[in-house]
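The structure is given below, and queries will be raised subsequently.
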Amino acid sequence: MSVFAYPSTVVREAERPLLEAGFDLMARASSALARFSAEVLRERRGQIFGARVCVLTGPGNNAGDALFAAAALSRRGAHITVITLFDRTHDEGLAAARRVGAGVIDCSSTGTAGHRNTEAVDPRGEVLRELRRSDLVLDGILGTGGRRGLPDHIASLVRDWRHSATTGSHGTSSASAVIAVDVPSDLSPEETGAEDRIHADHTVTFGGLKTELVDPRVRPFTGTVHVVDIGLGLEKNRATAEVLDTDDLTADFPRPHPEGHKYSRGVVGILAGSEEYPGAGALTTTSAVNCGIGMVRSLGSPMVAEFVIGLHAEVVTATGRMNAVVMGPGNPEDEYVRACIDDLAETTVPVVLDAGALDMVGRTESAKGTWLADRPVVLTPHAGELARLLSRLLGEIITASRINVDPIGWAQRAAELSGCIVVLKGHQTVIACPDGFSVLPEAGPPSLATAGSGDVLAGIIGAMAAVVDAENRHSTAETAVPERELARVVGLGVLVHNAAGRHAVNAGALADIVAEVAAELIHGNSLIE
């Protein structure tokens, strides 16, 4: 189910009154880390007794968490080696590790920490040997303050470890599991290359999911993220992101009401396709029809409408009420775009703008008094389209490569400037709201990278928006869907797209399989797995 993500500053604020009241949060965190580490060791080698555990420590509290956890593992028969990488570390944690007989190797940049209790002449060589033969490595080097990359002496050590070890699925020794403590030690992917980073198999984070851990740039280094509740009681309204998975789709996909009818189920208008690209109209309309919506109207040229009706006899070409409109796939002709805008002038229904229709978007202030004002607007660009949009909004050249360096940041910038919900499409799709909140559906399959896939997604999003708009207007007297609620529904639409993509290799099949996914969500079975 969905997990909310919080800035580290919010987590620290929530910790402060508990610490002032005398609660030992480190004891809670380290105990949970020790339990999880024990599970990993049992899974990998059958028992904890005799396991070799290396603890990489820095100067912060996550080093303390790692050291106390290692001490607990030692009491269950594990052999512990502590590797100090800075001139100072967490003193109480180090003392606890020493009391249970842990070996300590000083591999700080100056080598003056005085912790080494080994006769090794070359501490770096000894560190590499310990890392290579360990069953488990706890990464407690840096916490949420590690935003400038690893210091050179640590980055080079990590690089040598990765190069000298037998390469496994995460690039480190196949004999070692790696657990990042709270967060990976390097939160600056633009500062550090992949070769100089520790690639964790798991990240155990405390108190709440940190927003740093949902950054698509960091995710390749976190492994599986596990959130440990240490009693902070974080409030959802302090979160800056929500991560959605298939369980959310199963639970929250909008289903028909027993007393409903076609209009209460929502009507979506599709302005997609042209004489040049008629297939875009077919793909967008097919995916909308297949979501199980109340009605789909074709708003484009007669040629596209005839093509679409030949595929779906239930599609309507007559004008009438609508709860959402999709505009842009396949570059529909200007005359039909103008007619659609005229039809929308007196409404506040959501609009989904894709492909060529993205060129209609300007800054928030420039939208006032236009047909885009006072309605939810969803933009669905890929990185190249977002780069062009931002270049226009900012008056400077923004490239797709810059977008890919910081997808959440750039999507949020575009949402803020345009006042629209921005769906930055990619392997990890980012949905950004103008107020700074993000929705992050789980990543989709690589098979979705195919021509027409975006048209299918636009149709799904439009259909989902229409359904919730109809439900919302029925229950709240003709008011628009709140932005965060709409963004979450868009996220569910992305998950529908992902589910269909796991059973298709081209956009035509993708649009068709949407019907099977929707049917199983409504009636219940297992294709979405």
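For all residues, glycine too, the Cβ spot is worked out from N, Cα and C.
TrEMBL: automatically predicted annotations, no manual curation.
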Going by the (6S)-NADPHX site in TrEMBL, where Gly330, His382, Asp455 are listed, which of the candidates Ala280, Ala282, Ala504, Ala507 is also part of it?
Ala280
Can you find which of Gly395, Gly454, Gly459 TrEMBL lists as binding AMP at the same site as Lys425, Gly426, His427, Gln428, Thr429?
Gly454
Let me know how many other Cβ atoms fall within 10 Å of the Cβ of Gly330 ((6S)-NADPHX binding site).
26
Just report the maximum Cα pair distance in Å for the recorded AMP binders Lys425, Gly426, His427, Gln428, Thr429, Gly454, no decimals.
14
Which state, by DSSP, holds His382 ((6S)-NADPHX binding site): helix, strand or coil?
coil
Among the binding-site residues listed here (Ala280, Gly330, Asp455), which has the Cα closest to the Cα of Lys425 (AMP binding site)?
Asp455
Compare the Cα of His427 (AMP binding site) against each of the binding-site residues Ala280, Gly330, His382, Asp455 and report the nearest.
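When the Cα distances are compared, His382 comes out closest.
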Using a 10 Å radius around each Cβ and counting other Cβ atoms from all shown chains, which of the binding-site residues Gly426, Gly454 yields the largest count?
Gly454
Could you measure between Thr429 (AMP binding site) and His382 ((6S)-NADPHX binding site) for me? Cα positions, answer in whole angstrom.
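For Thr429 (AMP binding site) versus His382 ((6S)-NADPHX binding site), the Cα atoms are 9 Å apart.
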